[in-house]
Ligand code: SIN
Ligand code: FE2
């Protein structure tokens, strides 16, 4: 990519093999059956996001028109506590995050063929020392990352199924987003699309 991401950024292509991807996806299916994907809305405007979301963990990231971006312990539609984070994701965190506290939140994003996510910073967490760890499953996407200001240049590269990304150090507050999905690039999800799992430490450790 033209601009290198800030220090602390790591892209681990194919970190999860096919077997691990399938096992993880099975666990995500169980979670989604209990905590259904829903379409969140932007703060103030109420404009729907193209990505559908749910969470697992003691806290989940949500957004709606009235109350904006935040973490909460319950699903906004079912009002049930989020299901727990699968142990294999906690193991991944313990291996890669180099951080003494576990994540409370795992955001589950589902991208259909035409979904995308605008450039943003992850900064709704009280603990910004912990990295953000993300796992891609299913169709390949074009991921964009820049610096810690909107004015900084950005670069883009593809994230494929099984890739893991770590936003640590300076890159923790890097602007990032998903420009597009490449439909038909993976057979992991029966009906196509992309799942992204984002593990975050929310409260100060
Ligand atoms: C996000 O920033 O929440 C998602 C990033 C991704 O889908 O890879
Ligand atoms: Fe993000």
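Glycine is no exception: its Cβ is also placed from the backbone N, Cα and C atoms.
The annotation in TrEMBL ties 120, 122 to Fe cation, and of the candidates under consideration, 11, 176, the one tied to the same site is 176. Site annotation for substrate in TrEMBL covers 61, 69, 70, 71, 150, and the matching candidate from 98, 124, 127, 129 is 124. Per Cα geometry, 176 is the residue among the binding-site residues 109, 111, 176, 195 nearest to residue 124 (substrate binding site). In this structure, the C-alpha atom of residue 197 (2-oxoglutarate binding site) lies 12 angstrom from that of residue 61 (substrate binding site).
Checking the binding-site residues 70, 109, 111, 124, 150, 197 against ligand 1, the ones with a C-beta less than 6 Å from an atom of that molecule are 109.
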